[in-house]
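A.B. asks: The following block contains the structure, expressed as structure tokens.
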Amino acid sequence: MEALLLGVGLLLGAYVLVYYNLVKAPPCRGLASLRGRTAVVTGANSGIGKMTALELARRGARVVLACRSRERGEAAAFDLRQESGNNEVIFMALDLASLASVRAFATAFLSSEPRLDILIHNAGISSCGRTREPFNLLLRVNHIGPFLLTHLLLPRLKTSAPSRVVVVSSAAHRRGRLDFTRLDHPVVGWQQELRAYANSKLANVLFARELATQLEGTGVTCYAAHPGPVNSELFLRHVPGWLRPLLRPLAWLVLRAPRGGAQTPLYCALQEGIEPLSGRYFANCHVEEVPPAARDDRAAHRLWEASRKLAGLGPGEDAESDEDSQPEDPGTPSSPSSPHPEEPTVSELYPSPQSSTDRSTVTCRIPVKAELEPQAC
């Protein structure tokens, strides 16, 4: 009996340690008014993105849910309007796997929205699933698509300054190692998928770092945010069906709810006084140091140039000139199978070699304005 009680005690103690070190996220306690401001959140039809959009809507922002599925995106927009009491929540179609869709979204947004104060790159994938593309789908969705979208929306971000870009990354970036000779090569097999996912998250951190350098003095700041281990659709999406019933209870016990995962992205989007930390990586609502590979400025700049090529941006092409080369129907950016005519192929970009966690109790203390009723995140 004593051994049993000791075992139970050890298990409970272990769970408490896991809960307070991984599951429980520092809450975002303040509520700044965002009336008159516009935010775009990608992948906002579920999980962290939906919770992030909800908190922005509660603060009075006009929130654009940029999602691939029209049905799920419009349903999420309806839910968020009902829950937040804010009718300024809308859906716009965006498929980050298609550069044509990214360009079409940008055209539609720039033609209809006079402001962009917050851009949150939340959408992402952890596996290619059964899709077999002639490019690195994980890098395309998790980095290249967001890179192009940011580039195309920069004119609006600059005219709305001070404004912010938040790139949702992951602690997996610590395992990433970028090989610039194979950056966009197709991913085959689960081992390559794990490596490609970590690499895409490293690309997120380097992108935020270089973007901060590129935008210094413009009033646009950017941050990489780690939401923590979250019990979301991304976690279970690629788990075999027979295993999901077994993993769901475990995930509920040891992973954060999406609402908890939204706290650090919200902190990066809203916290006053962190502008001097533009380009840094945040976790648990505080800045966190990254490994050498994630603070390599030369690699960050090299990734920037490689990303321009992969996104179909020519030398010297600026954001304003990109707006002139959009698909003919900007209102329906939903075709993932119609590549932009200028998209380069992998062989063109990369010829063959022969041819040449400290757990902080820091909270998001955002000044409260009188326009909205206070609600904790």
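Placed from the backbone N, Cα and C atoms, the Cβ positions cover glycine too.
For reference, Swiss-Prot lists these features for the protein:
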type	residues	note
SIGNAL	1-25	signal peptide
BINDING	Ser46, Ile48, Tyr197, Lys201, Ser232	NAD(+) binding site
BINDING	Ser170	substrate binding site
ACT_SITE	Tyr197	active site, proton acceptor
COMPBIAS	317-327	compositional bias 'Acidic residues'
COMPBIAS	328-337	compositional bias 'Low complexity'
A.B. asks: Using a 10 Å cut-off on Cβ-Cβ distances across all protein chains shown, tell me which of the binding-site residues (Ser46, Tyr197) has the largest neighbour count.
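C.D. replies: Its Cβ has the most other Cβ atoms within 10 Å: Tyr197.
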A.B. asks: List every residue in the same chain as Lys201 (NAD(+) binding site), at least 6 positions away in sequence, whose Cβ is under 8 Å from its Cβ.
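C.D. replies: Looking at Cβ-Cβ distances below 8 Å from Lys201 (NAD(+) binding site), excluding near sequence neighbours, one finds Asn142, Ser169, Ser170, Ala172, His173, Gly176.
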A.B. asks: Tell me which of the binding-site residues Ile48, Ser170 sits in the most Cβ-dense spot, judged by other Cβ atoms within 10 Å.
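C.D. replies: Within the set of binding-site residues, the most crowded position is Ile48.
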